[in-house]
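Student: Provided herewith is a single structure, encoded as structure tokens, for subsequent inquiry.
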Amino acid sequence: MFMSALQLVIVTGMSGAGKTVAVQSFEDLGYFCVDNMPPKLLPKFYELVKESGKITKIALVVDLRSRAFYDEIVEMVRELDENEFNSSRILFLDASDEELVARYKETRRSHPLAMEGRILDGIHLERELLAPIKSNAQIIIDTSKLSPRQLREEIFKNFEARDTKTFHIEVMSFGFKYGLPIDADIVMDVRFLPNPYYVSELRNKTGKDDAVYEYVMKSEKTEEFYQKFVSLLKYVIPGYIAEGKSNVTIAIGCTGGQHRSVALAERIGNELSKEYPVHMSHRDMNKRKETVNRS
């Protein structure tokens, strides 16, 4: 039935135990997430994924919102356990009866299996029905005393929490005269560094040109700043990863975004790319040239 080494996580467990938070966490880890797919559709879905060749990690949420799917879920878990899909894992989210009742009362929602609106009866029935699936789970997380943030941390810890390939860095340059980038996490002002704009032969070049780059970098002030700032970034980035961030945008700004910020962004991006996936962009590098051309 399953014939590939795609990474598949079956996310299941008690209703109200945190599957919504789990799905959001898997999305941040780079998983393609599908919520409540009827198990009979999984083989066809799997074939489509395999043909596309673009999806390598899948998180599939299955639960008992419809009791009609129960036998199919158990059979699917049995097949995953017995044969070809060797890279599959089952994550079972659990919580105490008392905590689940409290959560349902807080949200004023009814349990999907509750008869005549009695929440505890629905919980007991669901726990009984899910027992065979829970016994097959490789990872069980009790969310009774976990906040959404703590549950997210547990999922990251168990599923590639320290895989820096899922963490991306955007290093961008910009000009303060055109406004701050609204999506930046870290903004650094480098207008205190020597400005190539005042060197006539460099004015119309950019920080990507060797002459401008060398002019900016030869300053002792630039070198001291660079070493200290990169040291700071290398200190805080592992903390961002541990916190569960999937990306961070570092914005380097000078007056017009043409010289100093471009040169520094290039050097910083190249250094960080030795350890992390990095994308570099220069928001305002060509704006002065475009303005001149329009005039």
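Each Cβ is built from the backbone N, Cα and C atoms, and glycine gets one as well.
Below are the features I grabbed from Swiss-Prot:
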type	residues	note
BINDING	G13, M14, S15, G16, A17, G18, K19, T20	ATP binding site
BINDING	D63, L64, R65, S66	GTP binding site
Student: Among all protein chains shown, how many Cβ atoms are found within 10 Å of the Cβ of A17 (ATP binding site), not counting that one?
Tutor: 25
Student: Are there binding-site residues among G13, S15, A17 that sit within 10 Å of L64 (GTP binding site), Cα to Cα? If so, list them; otherwise say none.
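Tutor: G13, S15, listed in sequence order.
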Student: Report the residues of the chain - excluding G13, M14, S15, G16, A17, G18, K19, T20 - with C-beta within 8 Å of the mean position of the site's C-beta atoms, for the recorded ATP site, in sequence order.
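Tutor: For the ATP site the neighbour list reads A22, D63, L93, A95, T143.
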Student: Other Cβ atoms within 10 Å is the metric here; tell me which of the binding-site residues S15, T20 scores highest.
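Tutor: Top count of Cβ atoms within 10 Å goes to S15.
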Student: Let's check the environment of L64 (GTP binding site): how many other CB atoms sit within 10 Å of its CB?
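Tutor: Around the Cβ of L64 (GTP binding site), 21 other Cβ atoms lie within 10 Å.
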Student: Measure the Cβ-based neighbour count of G16 (ATP binding site), defined as the other Cβ atoms within 10 Å of its Cβ.
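Tutor: Its Cβ has 25 other Cβ atoms within 10 Å.
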